Amino acid sequence: MSHFNLKSLTFYAVAISSVLLLFKVVTAYGESSLKAPLEIDSNYRLMLSEKLPICDKSGFLLLNLQQSGIYLNGLLVPDNSIKTSKVSKKSSLMGKIKNQQLNLSGTIQKHILCNTPNVPKQTNLIPVKLQIQLVKKGDLIGKINVSDNSKTIGLTAIPQKTKEKSEEPKNH
Amino acid sequence: MQTVILVLVEVLIVIGLSRLVGLAFRWINQPLVIGEIVAGIMLGPSLFGLVAPGLASTLFPPETIPFLNVLSQVGLIFFMFLIGLELNPKYLSGNLEVAILTSHVSILVPFSLGTLLAVLLYPLVSNASVSFTAFALFLGAAMSITAFPVLARIITENNLQKTRLGTLALTCAAVDDVTAWCLLAVAIAVAHTGSFVKAIPTILYSLIYIGFMMTVGRIFLKRLANYYRRTGRLSQLVLALIYMGVVASALITELIGIHLIFGAFLLGAAMPKNAGLVRELAIKTEDFVLIFLLPVFFAYSGLRTEIGLLNKPELWALCLAVLAVAIIGKYVGTYVAARVSGIDKREASALGWLMNTRGLTELIVLNIGLSLGVISPLLFTMLVIMALVTTFMTSPLLELTYPKKLIKLDVVEQEPEEKETSTSGGEDFYNRPYGILVPVANPNSQKGLMELAVAIAINYRQPAVVYPLSLIELQEDYGFESTPQEADRVITQRRQQLEELISRLEPSEARSYMHPIVCTSSNVARETARIALLEQANLILVGWHRPAFSKNRLGGRVGQILTNAPVDVAVFIDRGQERLERLLVPYSANIHDDLAMILALRLLINRDTCRLQVLQVVAENQVRNELSYELHNVMEQLPQSVRDRIDIKIVEAIEPIQAVVAASEAVDLTIAGTSRAWGIERQTLGRYTDQLAIECRSSLLITRRHSQISSHITSILANDKLEIIN
């Protein structure tokens with residue numbers, strides 16, 4: 001057939017080789033020079049060093065993170081409500097990873113922050129800022145700031161093994 | 001609630017919504033599949049989860065998602081089998097040299113651009129657990145996809161399958177499809193193993209398996225086809241064997257380390273392309289897969305799509321970059337290759353847009369990428385948007401660069417009768433042939449309709465043309481019937497039926513006035529109107545039968561044509577009278593009655609033996625209805641020989657319809673305008689009584705006027721005058 005003549009074959013050979021060469025060069029550069037952010041676990045238990053100034057008592061919080069590269073969306077929930085639906089999640093914190101540090105900010109309802117589920121739903125939203133230093137393994141150290149208060153509170157983020165993660169194996 | 005019940009409720013919602021949104025998209029001339037994908041996204045966190053998070057989490061709790069995943073994977077396996085089954089080597093027959101060049105360049109360019117884009121995206125939207133090579137390969141593959149099944153349906157729907165553009169696009173897409181699947185298999189192998197070198201065994205095993213299927217597998221499948229040829233039917237045992245083969249093949253490719261879908265696709269591709277076997281197998285398999293399982297896949301995919309993740313302007317900018325690279329890469333690659341191969345600018349451009357259709361195939365690739373963790377949820381969402389936009393834009397851009405009116409000029413096998421029609425456009429009003437478009441739903445029972453069209457159209461004073469129109473309505477996007485091969489077969493069959501109907505027409509000279517049109521359509525009423533405009537028809541003449549077992553009034557498609565067609569329409573209700581000598585026009589002085597009168601006059605002029613009775617029904621002491629000024633002028637110009645055959649009768653009656661029904665006893669054809677006076681509504685969509693249609697004793701022609709009535713008769717009268725002067 002005519003498309004297998006020398007001219008066509010040369011063209012295909014040159015075109016495909018060029019693309020493969022380009023791919024080789026780009027991947028060599030990418031593998032050596034481009035650094036993607038660390039993969040971070042999706043759930044953390046946050047232990048605060050002291051109680052939040054707006055709350056009457058101290059408590060634990062759960063941070064559910066969704067990572068897409070450097071972009072993060074987080075959901076803060078009281079410690080006793082881990083069973084949140086993936087679908088219903090409405091991310092309340094947004095942020096990025098910058099210089100191995102995770103920065104999240106947004107607004108959270110007060111009853112979530114203070115873990116007071118029995119109080120009728122309060123609609124007042126509290127501004128929250130979170131900063132956590134990323135390390136490859138182990139617990140993470142960071143700080144939290146609420147209500148634009150100048151006082152920041154230290155925290156330890158303990159990675160949690162989630163049911164969701166184990167349910168979604170690489171089941172392509 | 002029990003999980004199984006919840007899953008069933010979910011499936012119920014998914015099927016219902018996907019059908020609903022799919023139909024809405026069909027209505028705006030978009031492939032059904034886009035609607036189904038959008039329905040899936042609507043059910044996910046992008047809409048349902050956003051507006052009603054509580055209800056969404058109750059209806060779609062995390063514990064049901066794995067079940068949806070299993071259903072969607074089963075759906076995908078069998079869908080891929082269908083795609084492989086429908087991939088007929090016949091598609092590779094047209095312009096192979098150009099197609100191979102175009103399809104390769106149309107993969108290489110977007111793949112290269114995708115690789116470069118990976119340099120920008122990798123540090124931003126990927127993470128360190130994914131190797132750059134796997135990421136770049138996936139992104140390149142995602143950019144290079146052309147969805148053969150969606151493209152094939154768009155081509156069939158636009159009646160492009162016989163054109164040079166259509167055959168070229170199909171060949172390119174078929175080559176693209178196979179190449180893209182190979183690319184994806186490599187990408188998966190690399191993603192699994194982490195590097196090219198480690199992926200080499202997987203690639204080798206895959207090649208061995210492909211070789212095995214194409215030799216040993218094919219020999220076995222050929223025996224199956226021979227068995228089918230002998231028995232002439234696909235027994236449940238054979239079907240069970242084939243389905244077992246599909247699942248086994250899927251499992252083997254999964255074990256090799258590529259993906260389930262490849263095994264299913266491979267078995268479909270290796271099946272012998274015995275037309276009967278393929279048709280029966282496809283029809284038996286597709287209904288459940290397309291109606292039940294595929295929407296579940298869309299829903300599963302939609303649950304993982306979060307448009308809300310694009311919450312910063314910079315992320316929308318990245319999304320635009322992804323979209324631009326995808327569109328430009330595919331378009332430029334295709335356009336340049338086509339131009340180099342000697343294809344003209346317009347066609348090369350249309351090909352570029354067609355090849356941009358990514359649709360469902362892209363969604364399959366993306367879901368694999370997300371499940372493997374190669375692409376992040378954010379990039380997944382961006383690429384889903386890209387897939388939707390590139391598929392959505394295909395039809396309008398195709399229409400823009402390659403309008404439908406040009407398609408006919410480019411048919412590979414030019415039909416002789418169509419040449420004449422296409423030259424009629426530029427001629428002046430008087431010399432333009434009088435055209436009647438006759439949608440024929442059933443060639444076996446509509447001889448009367450065709451004879452009436454001949455009677456109205458043909459005289460010896462003015463050229464005329466009758467377009468018997470047979471539209472093949474495509475029901476489903478992915479239905480086997482809408483594959484180009486199958487559509488071709490049905491078109492040929494319908495054309496033969498129409499030719500047979502034409503050959504039965506009397507007088508035999510009438511046959512030379514016939515210009516049959518057979519094509520596919522997704523909306524019969526709209527397509528009829530479009531063809532009427534394109535062919536500059538003066539009248540659409542459509543038949544109607546009252547269903548035997550229902551009280552359905554004039555409605556449905558006929559009603560839609562009546563309401564929407566931008567030309568005059570006449571609906572013929574045939575009572576089986578073969579003669580067409582005595583006509584009755586009940587006249588109540590509205591514009592639709594004017595059309596009824598003018599068509600009756602045309603029949604009088606065309607046939608010397610015809611007589612017309614005009615019936616004016618007035619209530620007691622009411623003044624008779626005068627003819628409209630326009631109609632009065634026409635009457636004045638009629639030759640005496642025609643006027644002598646008109647009898648105007650005025651009757652006094654309280655119930656006009658009853659008077660007409662009584663008068664219709666003595667005639668062959670009653671012609672009435674759509675008016676309340678005759679109990680016929682303009683829309684006749686079944687809301688009101690179409691009393692005359694039911695009670696009339698003769699055949700009935702219901703007219704609805706849209707344009708100047710003079711268009712039906714002026715040129716005849718003008719020619720008459722000329723004859724007198726000469």
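We count from 1, first residue shown onward.
Just so it is clear, glycine is given a Cβ too, placed from its N, Cα and C backbone atoms.
Any TrEMBL annotation is an automated prediction that lacks curation.
As the structure is a computational prediction, the values presented were derived from the model and not from experiment.
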Q: Have a look at B:287-303, B:372-388 and point to the one annotated transmembrane segment in TrEMBL.
A: B:287-303
Q) Mind checking which residues reach the transmembrane segment (B:6-25)? Cβ under 8 Å, same chain, six or more beyond either end. A) 31-36, 38-40, 42-43, 59-61, 64, 67-68, 71, 291-292, 295-296, 298-299, 477
**Q.** When counting Cβ pairs under 8 Å to the transmembrane segment (B:233-252), the leader among B:37-60, B:66-87, B:99-122, B:134-156, B:168-191
**A.** B:66-87
Q.
Please report, as numbers and ranges, the same-chain residues at least 6 past the borders of the transmembrane segment (B:66-87) whose CB is under 8 Å from any CB of it.
A. 3-4, 7, 10-11, 148-149, 152, 174, 177-178, 246-247, 250, 260-262, 264-271, 278, 281-282, 285-286, 289-290, 292-294, 296-297, 299-301, 303, 364, 478, 480, 483, 485
(Q) At a threshold of under 8 Å on Cβ distances, which of B:37-60, B:99-122, B:203-221, B:258-275, B:287-303 pairs most often with the transmembrane segment (B:168-191)? (A) B:99-122
Q.
Six or more residues beyond either end and a Cβ under 8 Å away: which residues meet both conditions relative to the transmembrane segment (B:315-338)?
A. 98, 101-102, 104-114, 117, 120-121, 124-125, 142-144, 146, 168, 172, 309, 347-349, 351-353, 355-356, 358, 378-379, 382-383, 385-386, 389-390, 393
Q) Under a Cβ pair cut-off of under 8 Å, which of the recorded stretches B:99-122, B:203-221, B:258-275, B:287-303 contacts the transmembrane segment (B:37-60) most often? A) B:287-303
Q | Remote residues contacting the transmembrane segment (B:99-122) - C-beta distance under 8 A, at least 6 residues beyond either end | A | 92, 132, 135-136, 139-144, 146, 168, 171-173, 175-176, 179-180, 183, 318, 321-322, 325-326, 328-330, 332-334, 336-338, 340-341, 351, 355, 379
